[in-house]
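Worksheet: one structure, shown below.
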Amino acid sequence: MRTSPSLLSLTIDSAVLNLSSLPDHIVIDLFLRTLRAGKLNERVLKLFIATGKDEVFSLIQALNIRVTVTPVLPTTIKDDEIDIVIGAVCSDLTSFMNEWRLMFSRFHLIIVKDPDMKEELRIPEGFNLDVYEKPDIDQVVGSSTSVLFSGYACRYFGYLVSRKKYIISVDDDCLPARDPKGFVVDAVAQHITNLTTPATPFFFNTLYDPFTEGADFVRGYPFSLRSGVKCALSCGLWLNMADHDAPTQALKARQRNSRYVDAVMTVPTGSLVPISGINIAFDREVVGPALVPALKLAGEGKFRWETMEDIWSGLCVKVVCDHLGLGVKTGLPYVWRTDRGDPIASLKKEWEGVKLMEEVVPFFQSVRLPPEATTVEDCIVEVANAAKERLGSTDPVFARAAKAMLDWVNLWKSVGSISSSSPAV
Amino acid sequence: MVEPATASQAAAPAMPKLKDELDIVIPTIRNLDFLEMWRPFLQPYHLIIVQDGDPSKTIKVPPGFDYELYNRNDINKILGPKASCISFKDSACRCFGYMVSKKKYIFTIDDDCFVAKDPSGKAVNALEQHIKNILSPSTPFFFNTLYDPFREGADFVRGYPFSLREGVPTAVSHGLWLNIPDYDAPTQLVKPLERNTRFVDAVLTIPKGTLFPMCGMNLAFDRDLIGPAMYFGLMGDGQPIGRYDDMWAGWCIKVICDHLGLGVKTGLPYIYHSKASNPFVNLRKEYKGIFWQEEIIPFFQQVVLPKDCTTVQKCYIELAKQVKEKLSKVDPYFDKLADAMVTWIKAWDELNPPAGGSSAPNGKAA
């Protein structure tokens, strides 16, 4: 039972909504007193910023006050259930790690250095991490198998040795993005939210993710499908340099992605999707072995334009998820992908990947997994055998990919799993 | 807080696209005052107004709009006994407007839908966006993670096969709603205050093989490509169900579009939906549908159309046959509905005779 408002409370309520109607000197005084009283939190700071008064901004700058992002994870998830895996293709991770510090520093990190890289890794202090380099990889998997993990694929080694439930992985040339309001996007929290809310692959919801605040299932959505299924993988997006292939980026040299689409959605079952490895997260316990370091282009290089390994891996994951009734989400969070490399140089060097997709997509569209394949490992073996059979003669890269997938499953069984293989949900 | 644009904020485009190729179909029972707000965007176009309810009432159309109006008497006169397939006392009657139109494209909108504002405060020209959606290809065979690759500032992502980048013709553009979201009655009862304030700046193709709930509040389609399948079913007076008209049409068109290799897009544009209908009234109308849809959805998910169904009409007749075969056991209503579907096609073909000779296939059978 609310008591009726007093004149004082009404005045405070209206002032607190909008401080810009107050005279400047009163706003400054309020600001300083709030600071001294130790009551300046993020919400209050935003209120003062919203006044647009220059003196407030000068004070904020002079006192070096910054809006800190406190990652808000779903309360059911503990920090020690998450590993952040970074594949280091660049040697100097200093600015990368510093930019992500607020979001990464409370979690355990696994950094895997590209075994082909000669330079020393440079990593700033203040993180809880394990670093793996070529000798470590050789020791765990044997030097003949370690070739699986060269280049961008080095991160898969991190997936292999992690013992956490959730893994989040971003490329080392990506920084935190800002949303249209100017606030820094907590990619970790968003990925975890995606993974810990159900996916809805059997029927498309026109308001996108029904489990997000302010949204729901629309009229006409069958009730029996509203509990959804477990989300196994969350594919995020990129502002600035979007993940285009070399021909596209070369053609549209100045195009940068500035469109922030405020949505997460489930990719429907039966629909294949190119899952970029630049910004992903997955439930390792549920779907770990399905992320396979398999498709290595003959001319694979150190720019994403020169690889297709993540696309092949993502298609495996989607096919397996569709078979086992798991979900894949796409959309938020965004990361800011920095300009790096020259698409024309990449195009001259490596366009094989673009050509191969013409074979890859019809192959995955035609893969049928038998009902007896009830575990992720079984499914991957089936896909590998199908790839060898149907694509092996088209191009040796596919025969190698099939073998790599089988090697990976074996590795997973011996090194990767801490318990028996993940059952179908 | 989301608000609609004011009439002065809407700025008319310099060249209204498809002015002579598009009809705007509006079902109404009360008045068309909402058109004032839309004037700068919609005035260049021809309106087809389908007046539901009491035919003796006069519907006032704001001056300056070019329109034709049909009430129940007109429908009965034009269709004769076939008028039985057109619903009475339900906005489903709007599909009569699709049938009598002579244009290639249709835009349909409800009379409680106003102009929305985008996050920058600019008024959204919904029709212009629908036209952009319909005139650019769809990509149903492979999901593009950057959504519609034909939009300015977007493109196909790495890994998208070049052979699939031409896309297919877009048959339907499904828009969304700010403010009052299109929830069913149970959700409305549980969340009476929820408002859709999230402006998702995306258009995307609904993948082949995936069904969706199509809302008729803010919809555009290519009559030539899919018109005959846009039958909004038997609802309202004398029928056991309501508020499933657009849903039914949506499941039918998606199955047929998938079969014929046509695309369906959803997302932008947004309109501002102002009126929340009474959830208790809605519950009474939807009640049976909530149970029936559990049978209907698997039916549509499993429908296979034979290869010789190369036109929309043939697909639709085949669908009607399967509805009669497989859904009649759910309720005798579906028997009636299947008959009405056939009547609709007959009426459509009568009013839209093919130009010179037998109808050509209007799409490639999958």
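Any Cβ shown, glycine's included, is placed from N, Cα and C.
Any TrEMBL annotation is an automated prediction that lacks curation.
Annotated in TrEMBL:
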SITE      B:Arg158  site 'Required for activity'
CARBOHYD  B:Arg158  N-linked glycosylation site
SITE      B:Arg165  site 'Required for activity'
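Every protein chain shown contributes to the tally, and the Cβ of B:Arg165 (site 'Required for activity') ends up with 16 other Cβ atoms within 10 Å. For B:Arg158 (site 'Required for activity'), no same-chain residue 6+ apart in sequence has a C-beta under 8 angstroms from its C-beta. B:Arg158 (site 'Required for activity') falls outside any helix or strand according to DSSP and counts as coil. In the three-state DSSP scheme, B:Arg165 (site 'Required for activity') falls into the coil class.
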